Structure formats: C-alpha cells, structure tokens
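What follows is a set of notes on a single structure, which appears directly below.
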Amino acid sequence: MKKLNSSEFRQMFLDFFAEHGHMVMQSASLIPKDDPTLLWINSGVATMKKYFDGSVVPKNRRITSSQKSIRTNDIENVGKTARHQTLFEMLGNFSVGDYFKEEAIPWAWEFLTSPDWLDLDKDKLYVTVYPKDTEAHRIWHEVVGLPESHIVQLEDNFWDIGEGPCGPDSEIFYDRGQENNDVPEDDPENYPGGENARYLEIWNIVFSEFNHLPDGSYVEQPHKNIDTGMGLERVLSILQDAPTNFETDLFLPIIHATEEMSAGKKYGANKADDTSFKIIADHIRAISFAIGDGALPGNTGRGYVLRRLLRRAALNGRKLGIAGAFLYKLVPVVGDIMKSHYPEVSDQAEFISKVIKNEEDRFGVTLEAGLTLLDDLIDKAEKSEDKTISGKDAFKMFDTYGFPYELTVEAAEDKGLKVDKDGFDAEMEAQKERARKARGNLQSMGSQDETLMKIKDKSVFEYGVYEEESQLVDIIVDDKLVDKADGEKATLIFDKTPFYAERGGQVADHGDIYDQEGNLVARVVDVQHAPNDQNLHFVDVILPLVKGQTYKLKIDRARREGLRHSHSATHLLHAALRQVLGEHTHQAGSVVEPDYLRFDFTSLDPITPRELKNVEKIVNEKIWESIQVKTTETDPETGKKMGALALFDGKYTDKVRVVQMDDFSIEFCGGTHCDNTSQIGVFKIISEQAIGAGVRRIEAVTSKLAYEYLAGRSDILDQIQAQVKATKAEDIQSKIASLQEELRSAEKQNAAYKAQINASKAGKIFDQVKTVGDLTVIATIADVKGMNDLREIADQWKSEGKSDVLILGAKSEDKANMLISLGQKALDKGLKAGDLIKSVAAIFGGGGGGRPNMAQAGGKKPEGLQDAIDAAVSQLD
C-alpha cells in the first residue's frame, strides 16, 4: 500500500483518469451558480447536471474531478464519529454517454490495487451489487477476479430519486479488521454495507442506465452514464493508517494549532476534548472555504449555516479553555494545507479572517452570559435530589444562548450530573409547535389570534430613538394574558418602544430590557406587528417581569445602524435598476439585514455585466452625493402626488411615510433609514441570478461588510499584479493580454511545427505496412509524446486508408500509451479494437477500452510496450 499525503493522493487520482482519456475539471465553487435547488454544492455529480441532462455538451465526455463539497444535515454528529464532516472532497470520474461498466469497474479496481497506483491489499476489498445487476456481478467476478465471498448483493444498491435517470450502483468497501469494529463479529450487521465500523465504504460507482418515468415504469436510456464518488478523506485515512479522518494530514495541523491556543489541552488525552478539537478542525475548514467562495454569515440560507458552524466551534473553543476570538487564527493553517489544489483560502486569508473575527466578537457577549447561566444550572442540579438538569433549563441554554444540548450534557457529566433528555425533547417539540402556530398567526394575525385581538392598549414606535423608559402594559405567555413572566419565553407590549418590528423586508431590532436598578431582565430576539398595530416584543426572560412596571428598553445600536445602511441602499438600488433597465422593473421582494441586502426584481431578460456595473456605479454616486434622506408623514394620495412609488399594489392606512432621496428615489416605506446617503459608505453587489420566471435577485453589502469584501478582492489583485510582474494595477490587463498573445503565438507556431513533424513521422510510419493473414497492418512504436499525437496520426491514417489495422505505441520515461484503430475489412472479420487493447494493456502496466473501431490505453511500464504491440498483432491472424 502506498504511503501518500493528501496532495499526492488527490493528484494521483486525477492523473490516473487523465491517462485514461479524462478531462480534469477544476473544482466548482461551493455556491451553486445555476441550481437554485441546492444550498451548497454537496457532491461531485452536482456540478455535472448540465452534462447529464444534455443542456450542455462537454468538450470531453470523460471527466474527472476533485470537488469540494458541504453537507450540513448531520452537523450534530461532527466530532463524535470517525467520518462525519461538513466540508469534504469528492473524487470522481464521469462518463457522459461514453464508457460504461466494462471500463468503469476494472479501472476502479486497477487504481485501488495496482502497484503502480494505490496498491491496496486485494483481500481487504469487498463490493456490493444490486441483485438484478448480473452484468456488474459478472465483471467483478470474471473480469476483475474478485471471489464470490467478497461480492455482496444488496437491494439498496439502486440509485433512484424519483423521476429521471437512475440505475444500479456498486459500492467498494475496505476491511479495517475486527479490531476496529464497533459491533461483535457475529453481529448480523457485521458485513460490507451493514451498520458497522469494520467495513469502510470508499467508492460508489453509479450505472445510470434507466429512466424512471412518471407512471412508475423504467425504460433503458439510449445513452448510459457513469457517475462515481470516492471520499478523499476516507481513503486517505487508510493510506495514512489513521484511526479516523481526523488523524490525517488534512486535520492534524489544525488540531495542533488549536492545542497551542488551548489551556494545556492535548489531542488524544480524553474523548471530550478530542470531540472539541475535531469540531473546531472540521468547522473552520467549511467556514473558510464557504466565505472564500462568497458566502457571508447571516440569518437566512447559507448565512445561517455559517453562523451556526461558527457558534458551535466557538463554544467548543471555550471547552478547551480558549478565551475570546480564536477561530480566525486558524484560517492560514487551513490555507497552507489545501493550497496545492485550492489556493482560494490562502489567497483570501485576510478577508476570511476578518469576517470570522467579526462574528466571533459578536457572539462573545451572548456566549459568556450563557456560560454563567450554565454554572448556575449545574449548582442548582447538584443541590437537587435527582442530580438532574431539567429539560426546560437545558432547552433554554440551547434556544436562548445557542448552546447545543450535547454541550450541556457534557458539562453535566463532568460534574456527575444528568440531563432530562425527554424533557428537552418535549420542550423542543413544543417550540416547533409554537413556531408553526406563530407562522400561521403572523400570516393572518388580525383574524386568527383572539388573545391579541382583545388587546386595545396603545403601543407607539418612535423613530430615531435608541433607548427609552417605557411601561409594560401587556404580557403574553403560551397565548394567555398574564401579570408576570418568570423564567420563560414571553411576548411583551410596551406603551412606547424604540424597537422596530419586522416589516417591509427589514428584519426586527434586537436588544435588551433593564429594570430600574439596571439589571438585565430580558433579551429581545424578535419584534412583530400585532393585529391592533402594537409592537410585539418576543423575549427570553432572564429575571421576572411584572405588568405595569417601567423598564428601560435599549436596542442594539450597531445592528440598527447596519439596517439603516442596507434599507436606504435598497431604495437606491431599486431606483438605479429602474433607470438602467426601464420603468417596467419593479421590486418583487427584499430582505434587509445589517449591512446586507437581498433584492428581488422583475426582469424578463437577464441583466448584462455592463448593466450590473452601471447600476452599482449609480448607487455609489448617489451615496457620494451626500443626499439628505427626508421622511414625510402624509396620506396616501398626497404621497402619490409627491411621486412616491407604491410596492406590491399594497393597501395603505390613512397615514403613510414617504422616504425621499432628492428626485432620484421616492417610495412609501415604514422602515428605518439613514439621515444622509453618505452614511451608507459604500455599496457592493456580490451576486446576481435568476430565481424564477421573470424574477431576478441581487445580493449586496454596504458599509463595513462592503469594505471587508473589497479588501479581500484587493488582496487577490495585489497577488495577481505580483504574479504577472505589473508595475501598477492599471497595467495588469495589458500584461495579461501581452502574455496571452505570446502564448497564442507560441501555441500557433508549436502547432505548425508539430503538424510538420507528425506528418513526417506519419509518412515514415505508413511505409511500415506488413501483411498478417489477409490483413494489411501497421504496428510500431511512434516517436511522439503521447495519446494526442497518436490520435492525430490515427486520423491521418483513417483519411488516407494506408492499411486495415493500425497499432501504435508511444512512451516516455515512466508512461506508455497505446492506440488501436481498425478499418472496415478488419471489423468485418469480427475484430474489436476494445477487446484487443484490453487483452494486452496489462503487459505495459495499463488498462484501457473503447469502441470496436478505435480504442486506447495508458500504462506505467513503457518497457513492456513493444511486447504488447506484438501480442496484439499475434491475435490478428
């Protein structure tokens, strides 16, 4: 078995399939560009959909890649198992209507077992096949030579996700030995494909040969495809004799760097610490790559996933005794590990680190409060009779302070305590039910929620106020009006409030509530509108709140400022789009978050890059013009006469607010805005895409986030400037154009020389015609570099009809290539180029295949090439 590092193994896989005629495709971004059904690229085949569905024809129907991928459906298992990861690499080889089982299976076996490649022990390899797939079974047994005892038939080996392409698959497992198992040897699950740790799945080969029709029937596809996936980290753990994926060179440097920041903690010392080390190592990889590909932390979609991963990793840093922000320091370590194939993290390390540190700093305040509460809960449980933290308290840790249940359990177990899991699950289910009910109430709150309808108390929202004294007039707990909230979630109504309630795309203010003694009594986590127009403050209660008492309400000022930037920028963007694309363009939806906005708009045609740049330029020009933002309260008719744009054909009350930025933008809007456009600072579009028929979406950042985004891109530009040796940034384009022209000229000249040389060589080769039986044959080793040259000679041979059979070889120091092409006379005799080349490829340490009239092979034993040619010739008679 070869001992390889991660870079060597990855490159070896790609080289193997490149030698078998595959085009090496670079890894796509983690953020899907043309597939709105995916949050992240989650597999190698996810980037191949356009080829398999026929919408795009690849330059080469044979493709291989190492694709970075993210899966987040099992985040809670990461760190606790040997293999679960959020970020992973999927090695794959794909055939788009080219080769099929007869090539895919032997090639997989060759790569795994050949001494020239991975050289795995054949006796430790097992495969599973679909029971009805007799062809795959035959190839594994008769062609590859795998004993029947190593072939397992499983009904689950059929890849089918409903309507569309589907087919049987074959999985390859590596036997890690009973000593590495987690079930007894006689356990019914102790077999390849069962639930056990002994047999490690390392490769899945999908034979997409059927089409699943809407009526439930299956028909054979005219063009059959191959889709394979090999988990790089899993195979690497075998090659590096690592107990789990985390002991490979992909993770250990991150773990060691974390050890240096910890309070004397060492990986391998105990299971609890190891779990934290693994979580941090895994999550920082995913976070770094995701931000590098353009994702940013937020409250929805990909942003929410990033925020969740950051929070979980930060919590585990505290378990290791690491105080303050630390994850951002690991970004350069990730970059160094991966830069041989993925330079994007190293290239953007400064920007990625800044984004992560900002998130860590923001979470630090809540985290410390949560840890304090956890200590109190442990002290309370130690004094209790059953030595148990209640499910309700554990759920509060999870829901209010972001502490995963497992972290609370670990903290309890350290003190010999238990946690009421059933109680926790019950609280979780109750919260989900409340959320479902709340969603229904919010959609039609005015007619459905009887409790809220009964409340007539006035609640006034005051613009431009960040904190104020206010009387608590109503408390709602579990849909009931109460006089006191104690240790629970609650909904509060105050007679006046500085908290903005979510509306018009702008998310709600967050903040704190204090009593008259200055004690923090509640955290405001959301604000919504009640049917009678009060602002409903959804809070996590920390200390008891009493109806009728006066409290100080204080919003998160930094969050509000970010919201003001984004909302005013959204209005400027809307106006700029209408100016560039036409007055027919209208807003179709929006999300306004701190220094981030998502804007959906109507457009029948795609927006061109030039139009998008023009829109961005106009918005920034309006920011630099320092336009005063005026807000006017009036009636709808007067607002329309002012030129205010009404959105969504909405119905307006008797009083409306008109937000005006000179004559450039005038809209009805109840949101919070800047006083002057200059406060936005800078506006940068980060993505634009279609999200439906006639609807497109722009994502953009402002202020601090825009600076951080641009700073990261500036760093990349500096690196490019250095690489092309440009004196200044303005010279980069001309430098690149000059280099491209030099390259084109050299390639053209080289092609001409190569054509002349190959024509001359071909002429000499075509003079070497001999007769074998009744066939004319040309069989020789050509003095050319590789397969591309052999194919050019074969094309010339075919056009000139120099013989019935062409058998050519080419070799270098450590590589050999072979090509066989047959004319019609040879085909009429029943000869097949694919069969011929398969029968002799092993002689020069290779493998190959192809069509009846033409086949090719590659190998690593050039000294055996002549013998292989002679062996092929001997089969012609």
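Just so you know, glycine gets a Cβ as well, placed from its N, Cα and C.
Keep in mind that this is a model prediction, so the values were computed, not measured.
The Zn(2+) binding site annotation in TrEMBL covers His567, His571, Cys669, His673. Annotation note: His673 (Zn(2+) binding site) sits in a coil segment as assigned by DSSP.
The coiled coil annotation in TrEMBL covers 722-756. Beyond its flanks by at least six residues, the coiled coil (722-756) meets 789 of its own chain at Cβ-Cβ distances under 8 Å.
Per-residue pLDDT, averaged across the domain 'Alanyl-transfer RNA synthetases family profile' (4-712), gives 89. What TrEMBL lists as domain 'Alanyl-transfer RNA synthetases family profile' is 4-712.
His571 (Zn(2+) binding site) is surrounded by 25 other CB atoms, counting those within 10 A of its CB over all protein chains shown. Taking the Cβ of Cys669 (Zn(2+) binding site) as centre and 10 Å as the limit, one finds 25 other Cβ atoms among all the protein chains shown.
Cβ contacts within 10 Å of His567 (Zn(2+) binding site), excluding its own Cβ and spanning all protein chains shown: 25. Other than His567, His571, Cys669, His673, the residues of this chain whose Cβ falls within 8 Å of the Cβ centroid of the Zn(2+) site are, in sequence order, Ser568, Thr570, Val629, Val659, Glu667, Gly671, Thr672. In sequence order, Arg564, His567, Ser568, His571, Val629, Thr631, Val659 constitute the residues six or more apart from His673 (Zn(2+) binding site) in its chain with CB-CB distances below 8 Å. Under the DSSP three-state reduction, His571 (Zn(2+) binding site) is assigned to helix.
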